[in-house]
Structures are given as structure tokens and as C-alpha cells.
Amino acid sequence: MSPNSSALSHPASFLLVGIPGLEKEQFWLGFPLGLLFAIALLGNSTLILVIKAERSLHEPMYLLLAMLAFTDLGLCTALLPKMLGIFWLGSGDIGFRSCLLQMFFIHTFSIVESGVLTAMALDRYVAICRPLSHSSLLSVVVVVALGALALARAVLLVSPTVFFLFRLPFCQHHVISHSYCEHMAVVKLACGDTRVNAAYGLFVAVLVIGTDTFLISLSYTMILRVVLQSSAAARRKAFGTCASHIGVILAFYVPALFTFLTHRVGQSIPPHIHILVANLYLLLPPTLNPIIYGVRTRKIWDRVVLLFQPKGH
């Protein structure tokens, strides 16, 4: 392949437009998104520090929560700085390799998040349905192994998407109608045969969402069956411990399914609605997770209060 054809195949950079149709308004939209980013950074960092510092929190449930917080930090950090640069500074240019790198990290962290949420559902099932075996079935070693498995799965599934994109020619189409390097948004710019890319992207989405939602649903079905046979006090306690996790699951999967379906069958949905939901899908969970768990989990909330309480009180 000659240098000229190589240059045509891989453009020096892409142009991220931000939110198509809202180019004038997106400067102001950057402020609430920037606020959500700041809350996500503060909340998840606090959660990790509290769990690390407090020995009584070195249990499976809280270790999984720390993994979720770390994943959320990675997700919003891969997404927001560049997005705010587009909204506030108009700096939409992103290098070809930087775009693929951002795409890799965003999709990897999203799949890791789904895996950690599934592991948390498993933890709730064991804690409620098999409480006497909880410490042996879900030891710290097992929890770390589950986290490593979630990460390995994500890297193995996302890496081929980067390879498949790298081998495509892009001709003169360099404008990405999105505020970050989303896989299908980049695929649509290629002028070669993209059937492999589209099919593999669909396979990964169906595999991850299908497998994880099935396992989560199965866990909660078994939890519900056990809880309904328990006393009223036991039911309240079980629903209390599961409510936070269910809220986090809904905040993650509902926008994820909307984004996934919009790319493939939702051609009538205005682009700005699709892009806004896609942005919120990646930003809302990192913002809400530490708030939901911090407020609803007494041991974490008490430690946070102590952490920010002035000395001498």
C-alpha cells in the first residue's frame, strides 16, 4: 500500500460536532453536564476513599461498590473532558488514534460496569437466599476474581472493534455527528464494507446486555421468591438492601437499550434526542451511583459524615 492510499485510509483527525441541531445551545448545555461531571468525580472518589480507609467495609458488597466507583470514574473521565472542550471551546478535532482510544475506553468501561452490576446482583442473591454460605461463596478472593473477569471480558470484546475499524478506509468523510467517538457513529463514516463491523457491534451488544440482564433478572426472581415467603420485617429489610441496586440498574440499562435501539431501528428519532440520551446514559450512572449508595447505605453515610466533619466536633 502506498503512503497516499494509507493517508486516505486513515485520516489525520475527525471532527466531533457535539449535539447535531443544538450547536448554538450546547455551550449552555455544557454547564449542567459539567456539574454532573464534578458530582461524579467527587462522589466516586469519596466512595473509594471511604471504603479503602474503613476496615469494616472490606466486605464483598463494598468491594464491588468500590469497583463500580472506579469504573464510573474511568467512564466519565474518558467522556467528559473532550465533550466539554467541544461545547465550551469548539475544539471538536480529535486525532484518528485518539478517537479509537476514546472509543475503546468508553465501551470497555461500559461493559465492565454491566459486569459489576451483574456481580452485585449475585452478591444480593447469595446474601438473601443463602446467608449462611455468603462468606464462603463470595470471599474477597472470589469478588476480586469476578472483577478481573468483568475487565477481561470487556477488553476481549471491545479490542476487535478497534482492529476492524483500523482496517477500514475512511475516504473524505471525517465529521462525526456525535459528542464522543461512539462505535457505530465512527463506522458510518467508513467508505469500505462495514458489514463485519456492524454485525460484530450487534453481537457484542446483544451478548453483554442479553447475558447480564438475564442473570440479574434470574437473581432477583429467586430473591423475590424467597422474600415473599419471609416475615414482614424480613421483607422490608430485603427490599431495602435491594432498592439501591435496582435503582442503579434501571439508570444504566434503560438509556443503554434506548441508545442501542436508536442506532439500528430508531431512524425517526431526532439526532439531538439520540445524542443527548447517549450522553446521559454514560454520565447519569457515575453521578447517581455514589449518591444512591452513599445515602441509602448507613455504614457508608456515617463514614462520609465523619470524613467531612470539622475537626473537634
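Cβ coordinates are placed from backbone N, Cα and C, and glycine is handled just like the others.
Averaged over the domain 'G-protein coupled receptors family 1 profile' (43-293), the predicted model reaches a pLDDT of 86. The domain 'G-protein coupled receptors family 1 profile' annotation in TrEMBL covers 43-293.
Per TrEMBL, transmembrane segment is recorded for 27-50 (among others).
Cβ atoms under 8 Å from those of the transmembrane segment (62-80) belong to residues 33-34, 37, 40-41, 43-45, 47-48, 51-52, 102, 105-106, 109-110, 112-113, 116-117, 119-120, 123, 140, 143-144, 146-147, 150, 180, 248, 279, 282-283, 285-287, 289-290, 293, 299-300 of the same chain, restricted to positions at least 6 beyond its ends. Annotation source TrEMBL lists transmembrane segment at 62-80 (among others).
Sequence annotations record features per position, and here TrEMBL assigns transmembrane segment to 100-122 (among others). Residues 61, 64-65, 67-68, 71-72, 74-75, 78-79, 82, 94, 138, 143, 146-147, 149-151, 153-155, 157-159, 161-162, 165-166, 180-183, 186, 204, 208-209, 211-212, 215-216, 219-220, 245, 248-249, 252-253, 256, 282, 285 of the same chain lie 6 or more positions beyond the ends of the transmembrane segment (100-122) yet place their CB under 8 Å from a CB of it.
Beyond the transmembrane segment (134-156), the same-chain residues lying 6 or more positions past its ends with a Cβ under 8 Å from any Cβ of the stretch are 58, 60, 63-64, 67, 107-112, 115-116, 118-119, 122-123, 126-127. What TrEMBL lists as transmembrane segment is 134-156 (among others).
What TrEMBL records for 202-227 (among others) is transmembrane segment. Beyond its flanks by at least six residues, the transmembrane segment (202-227) meets 111, 114-115, 117-118, 121-122, 124-125, 128-129, 157-158, 161, 234-235, 238-239, 242, 246, 249, 253, 256-257, 260, 264 of its own chain at Cβ-Cβ distances under 8 Å.
Residues annotated as transmembrane segment in TrEMBL: 239-261 (among others).
Outside the transmembrane segment (273-293), and at least 6 residues removed from its termini, the chain residues within Cβ reach (under 8 Å) are 18-20, 33, 36-37, 39-40, 43-44, 46-47, 65, 68-69, 72-73, 75-76, 79-80, 83, 106, 110, 113, 177-180, 182, 244, 247-248, 251-252, 255-256, 258-259, 262-263, 266, 300. Annotated transmembrane segment per TrEMBL: 273-293 (among others), in sequence order.
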